[in-house]
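Visitor: Below: one structure in structure tokens.
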Amino acid sequence: MGPAPRVLELFYDVLSPYSWLGFEVLCRYQHLWNIKLKLRPALLAGIMKDSGNQPPAMVPHKGQYILKEIPLLKQLFQVPMSVPKDFFGEHVKKGTVNAMRFLTAVSMEQPEMLEKVSRELWMRIWSRDEDITESQNILSAAEKAGMATAQAQHLLNKISTELVKSKLRETTGAACKYGAFGLPTTVAHVDGKTYMLFGSDRMELLAYLLGEKWMGPVPPTLNARL
């Protein structure tokens, strides 16, 4: 038997486009590196409040930079993202509380669907400029991910329960305890040590810490399979 897989925790919120990039890279490398990836839906607003930080898009110059950067990142990471037309009005102001509670419920009851449902919620915001705050739209994302309608409705009914609310607060709090000040935050547990890395552009450093090979955001072996 080889060495046990290193555990990586990925804290993310579907409001964050950079979380999507980090998510896709780690989902690709989980099949190439000796790692166990734990997806941990968290609430960006809670992390910002705890750390005293604010989202990059809320800083005017950073917001303008993001508009120019995302089309380039789309090509580099091969993730079908584009900036929503009214991101601040439609998505930032409405927030993602219900969507993240839904993902929390998925993680608790049907964790094998968490990757696919998370991806579909990102696709709605960051690829098709669609809403994820209304119940029917959350259901649509779950169904598109392959979840049965009855199960999706069951999980949607759970988002108002204290159990799910508490779990999301707990996960967000765990990220804060690690020192998170934004998302995505990746926590690597390596040889008894814990490393907290921020952003989707720390993957080469992560590979170094893991003793693994970094082959870019779209590894050649993945291209060969595709």
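In case you wondered, yes, glycine gets a Cβ from its N, Cα and C as well.
So Swiss-Prot has the following annotated:
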BINDING   S16, P17, Y18, N53, L183, S200, D201  glutathione binding site
MOD_RES   K36  N6-succinyllysine
MOD_RES   K68  N6-succinyllysine
MOD_RES   K68  N6-acetyllysine
MOD_RES   K74  N6-acetyllysine
MOD_RES   K85  N6-acetyllysine
MOD_RES   K93  N6-acetyllysine
MOD_RES   K144  N6-succinyllysine
MOD_RES   K158  N6-acetyllysine
MOD_RES   K167  N6-succinyllysine
MOD_RES   K177  N6-succinyllysine
MOD_RES   K177  N6-acetyllysine
MOD_RES   K193  N6-succinyllysine
Visitor: Sort out the sequence-distant neighbours of K193 (N6-succinyllysine) for me: same chain, 6+ apart, CB within less than 8 Å of its CB, listed by position.
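Guide: The answer is none.
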Visitor: Compare the C-alpha of S200 (glutathione binding site) with the C-alpha of each of the modified residues K68, K74, K93, K177, and give the closest one.
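Guide: Out of the listed candidates, the nearest Cα belongs to K74.
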Visitor: Whole-number Å distance between the CA of P17 (glutathione binding site) and the CA of K85 (N6-acetyllysine)?
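Guide: P17 (glutathione binding site) and K85 (N6-acetyllysine) have their Cα atoms 14 Å apart.
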Visitor: Using C-alpha atoms, which one of the binding-site residues S16, Y18, N53, L183, D201 comes nearest to K85 (N6-acetyllysine)?
Guide: S16
Visitor: Out of S16, K36, N53, the recorded positions in the record, which is closest to K68 (N6-succinyllysine) when you go by Cα distance?
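Guide: Its closest listed neighbour, by Cα, is S16.
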Visitor: Using C-alpha positions only, work out which of the modified residues K36, K74, K144, K158, K167 is nearest to Y18 (glutathione binding site).
Guide: K74
Visitor: Among the recorded positions listed here (S16, K74, K177, L183, D201), which has the Cα closest to the Cα of K93 (N6-acetyllysine)?
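Guide: Among S16, K74, K177, L183, D201, S16.
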Visitor: Taking the residues the record says bind glutathione (S16, P17, Y18, N53, L183, S200, D201), how far apart in Å are the two Cα atoms that sit farthest from each other?
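Guide: Site span for glutathione, by Cα atoms: 19 Å.
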Visitor: Tell me the Cα distance separating K167 (N6-succinyllysine) from K158 (N6-acetyllysine), rounded to the nearest angstrom.
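Guide: Per the Cα atoms, K158 (N6-acetyllysine) and K167 (N6-succinyllysine) stand 12 Å apart.
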Visitor: In this structure, which of the binding-site residues S16, N53, S200 has the fewest other Cβ atoms within 10 Å of its Cβ?
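Guide: Among the binding-site residues S16, N53, S200, the sparsest Cβ neighbourhood within 10 Å belongs to N53.
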Visitor: CA-CA, which of the modified residues K36, K74, K167, K177 lies nearest N53 (glutathione binding site)?
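Guide: With Cα distances computed to N53 (glutathione binding site), the winner among K36, K74, K167, K177 is K177.
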Visitor: Do you know offhand how many angstrom separate L183 (glutathione binding site) and K177 (N6-succinyllysine) by C-alpha?
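Guide: With distance taken Cα to Cα, K177 (N6-succinyllysine) is 14 Å from L183 (glutathione binding site).
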Visitor: Check the Cα-Cα distances from K36 (N6-succinyllysine) to the modified residues K74, K144, K167 and tell me which is shortest.
Guide: K167
